[in-house]
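Features reported for this protein in TrEMBL:
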type	residues	note
DOMAIN	B:132-429	domain 'NADH:quinone oxidoreductase/Mrp antiporter transmembrane'
TRANSMEM	B:84-105	transmembrane segment
TRANSMEM	B:112-130	transmembrane segment
TRANSMEM	B:136-156	transmembrane segment
TRANSMEM	B:168-188	transmembrane segment
TRANSMEM	B:208-232	transmembrane segment
TRANSMEM	B:244-262	transmembrane segment
TRANSMEM	B:274-295	transmembrane segment
TRANSMEM	B:302-325	transmembrane segment
TRANSMEM	B:345-363	transmembrane segment
TRANSMEM	B:384-414	transmembrane segment
TRANSMEM	B:420-440	transmembrane segment
TRANSMEM	B:461-480	transmembrane segment
Amino acid sequence: MTTISLTDLYTLIPESFLTLAICFILLFDQFLKPAQRNVTHYLSIATLAVTAWLVTRHYGDATAFGGMFVHDGIADALKLFVLLTTALVFVYARSYLADRGLYVGEYYVLCLFAVLGMMFLVSAGSLVIVYLGLELLALSSYALVALNRDSPLSSEGAMKYFVLGALASGMLLYGMSMVYGATGTLDLNKIHAASVAATQPTLLLFGVVFIVVGIAFKFGAAPFHMWLPDVYQGAPTAVTVFIGSAPKLAAFGMAYRLLESGLGGAGPHWQQMLAALAVASLAIGNIAAIMQSNLKRMLAYSTISHVGFLFLGLVNGAPSGYAAAMFYAISYALMAAVAFGMILLLSRAGFEAEEIEDFKGLNQRAPWYAFLMSLTMFSLAGVPPLFGFFGKLLVLKAAVDSGHVWLAIVGAVFAIVGIYYYLRVVKVMYFDDADDATPLAAPSDAPMRWVISVNALALLVLGLTWGPLYAWCARSFGIS
Amino acid sequence: MFANWPLLSLIIWLPIVAAVPTLLAGDKRPDSARWIALAATVLTFLLSLAILPNFDASSAAMQLQEKHLWISVLNVHYHLGVDGISVALVLLTTFTSVLVIVGAWGSIDEKVSQYMAAMLVLEGLMIGVFCAMDALVFYVFFEGMLIPMFILIGVWGGARRVYATLKFFIYTFFGSIFMLVGLIYLYFKAGSFDLATLAQVGLNAKEQMWLFFAFLIAFAVKVPMWPVHTWLPDAHVEAPTGGSVVLAAIMLKIGGYGFIRFSLPITPDASFEYAWVVIAMSLVAVVYVGYVALVQEDMKKLIAYSSIAHMGFVTLGIFISLALVRSQNNELAARLGMQGAMVQMISHGFISGAMFSCVGVLYDRLHTRMIRDYGGVVNVMPKFATMFVLFAMANCGLPGTSGFVGEFWVILAAFQTNPWIAALAAFTLIIGAAYTLWLVKRVIFGEVGNDKVAKLEDMNGRETFVLASFAAAVLLFGLWPKPLSDLMDAPIAHLVQQILVSKGA
């Protein structure tokens, strides 16, 4: 057994800081009057900023606690984007929460705990840490979905999320136990060595199946996607924007750690499974999204299809494929933040801008936001020169590189299907006349206005200058 | 002068950047939006003219190249360059864009700033398509173009605009996404998206076949070729006049351009093997779609179908030439056919642009495109009638207009392959004359159709300027096509050499 040394703790400085800060916010918030909630808000954002800064300092070693905690470029990049996305979410959520009497410290504390879980998840070097990080994320998310406890829809969503999530965790845990039985270790590196060396891998492969199912549940990949539309629709939009964005990055991190760092030797097996999941997700996500009239629900189905695309990168099973998938996850998180953020922006006290119809004639009422929203929709649809296109380009390339040309063609076909429902939003905003053509009052929340504008324009700017970001992803996976 | 300027980047980005102040001018100041847009397009046109003195037409090489690293990890370069074919198409684009902005001056009065901005963005992206030397850069411009066009048809279009614009977008996207997969496959083989490199990469017959069909879907939808042409009549009918003009005059040409930039150099053997498919599709377009045009009651629809028929000549010329050079080694005839196809592209750009502008002039007055609502327009609008008849004659391919040159050359080349193909193609001249002249008869000549027509006023100065400019181009290249063919001769000769070489590996 290894002993814990000071350098181990030193490696964990960002996580330790975040933990202490959350505890402080949790306590401090109790002494604030509701009118002073802004203090919690800004304190939370500051916490994220400081944590991000600490992450960039690269304290400590490559691993800590005897390999249980991995500290590499992949983890750092994912952590930074998780922190960034969460900060965006906080900015977008504030006025929505305030309008609905949900502006409480719990929202911030739960989100931050989820962030902590994600940071551990993407740094996991052992099955135990994977599970702990995942559960911290999941339990915080269940509670967040139920934040608006007076809403039956919200409670229903939370219940579904909890039951199915618990089932998924059970599957994952069961798979882990088999992997442990087959390899005799919880350490991902050793599992990797054992999976490469395995000559009779039956038990291990059984474990792989359950682990893949668990991952698919957490991603919301079809056919394990049932919870996702209900949760997205049922949760208060301020929560949807959170669970719709940052956790996708963490899920990618988890998939990478478990499948590549751990079960890399079984690659040909899980790649087949992921290919099947990708096709199912692309088909179900895109086709079901066409029929939705609720924007949140449509975006939920679109998430499923995006997970399908992300899997195309994972199927590749080589560093360039993982880099493509990570790039895709980052691009998706940024796009989802704007798309849900726009719903937050347009909803006001007593009015949820959830239906696609609510966006009717937005170009007449608020041309700037209509423009930003259409940028986002075109980006989600994967039309160049927007950011989303290049994510698709990279994952399609990853699929072709690994000889799965047919998979790339399936992806391409469903991208065409997907075009339709994104265009419908643009159509509603630009081609339909508003029922009430009075100009929309500019949202009073100035930081939100600015941040969402920058966020949406970034989709255009990053589309033209995505090279450095991709180079960063590639570098994390050791491609120069 | 201008020798050291990044001319191509300038003409691509100037209109796109100018879209920002145009948008900022807002709907409250429509006139400033119009003037900014006009200034930008005129300046772009002048800058594109500055290409000519810096361009050596006797060389087939890509000139005025600009190459900057864009994505180092993937070895993608922002790589621009033009040869004679590109220059001709770029000039067509910049020229038409000025006329489109002028033409929209009076006919668009809602959301003017957004209209002008969309047009400017569209212009920049179209120029980009013709200048791109990297397949990924090409694809980005090629697809990016859909966004402004989608908005243009959807916002300023006619009654069924939403249906038309969605159909347009999805059709085109459908075509090009397979090309994207093909390009990714090529990247996998060549390690680069550079078009010159892709042209040299060795591909076996099966690979070439798949890639050929991937490209064929993309460009056949764009041209559009029968049977994937059905989006075009809808899009044309519903689009505002400016949208129709851009669509017919420039966007369709991108399909033809794609064939000679992608299909022929990258998959020469498969292109030859399946040339009969394209030739057959072109002949159907030329003959059958010509008949379809004959029965149309909507002027715009008639011209749209006539566009499909005329674009059939372009694809026919390209693939006939390929067949000629491959099976008979007849380089001279192949060059003639290819020249014909290219001249036809440019000429059709002017003619169809002019025809749609003519319909726009009528539509602005009576707000109907139906042929039966007109009649005897010559009695009240003599100036307009003169122009209309001129363009109608050009559309029939009357000698002396640019419409004659391209079709004649293509038929000459086709004759050397198979007289029957030539006969079928020539047959279209008759159908073309039939539907166009019948249109003229019903709209322009005869008794004044009704009271509304009797009250029509002749063209104003702005409209006269637009149509006269088109007329000048049509006559110039009809009477004296030499500058155009000289400009495009060297790259065509080079292309014909290139497709002679089999690249089976």
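Glycine residues also receive a Cβ, built from the backbone N, Cα and C atoms like all the rest.
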### Query
If we call contact 3 or more Cβ pairs under 8 Å (sequence gap 6 or more), are the transmembrane segment (B:384-414) and the transmembrane segment (B:302-325) touching?
yes
### Message
Three or more CB pairs closer than 8 Å, sequence separation of 6 or more: does that hold for the transmembrane segment (B:208-232) against the transmembrane segment (B:112-130)?
### Response
no
## Note on the structure
Other same-chain positions with a Cβ less than 8 Å from the transmembrane segment (B:244-262) and lying at least 6 residues past its termini are 85-86, 89, 92-93, 96-97, 99-100, 103, 119, 122, 126, 129-130, 135, 138, 142, 145, 149, 152, 179, 195, 215, 218-225, 232, 235-236, 300, 303-304, 307, 311, 314-315, 318, 338, 341, 345-346, 348-350, 352-353, 355-357, 359-360, 495
### Task
With the transmembrane segment (B:420-440) as the reference, find which of B:84-105, B:112-130, B:168-188, B:274-295, B:345-363 contributes the most Cβ pairs under 8 Å.
B:274-295
#### Entry: Spatial neighbours of the transmembrane segment (B:84-105) far in sequence, C-beta under 8 Å, 6+ residues away
11, 15, 34, 37-38, 41-42, 44-45, 48-49, 51-52, 55, 57, 60, 115-116, 119, 123, 126-127, 130-131, 240-242, 245-246, 249-250, 253, 257, 260, 342, 345-346, 349-350, 353, 357, 360, 462-463, 465-466, 469-470, 473, 484, 487-492
### Query
So which of B:112-130, B:274-295, B:302-325 has the most C-beta pairs under 8 Å when paired with the transmembrane segment (B:345-363)?
B:302-325
#### Entry: Tertiary contacts of the transmembrane segment (B:112-130) (same chain, 6+ residues out, Cβ under 8 Å)
8, 11-16, 18-20, 22-27, 29-30, 33-34, 36-37, 40-41, 44, 48, 80, 82, 86, 89-90, 93-94, 97, 100-101, 104, 137-138, 140-142, 144-145, 147-149, 151-152, 155-156, 240, 242, 246, 250-251, 254, 257
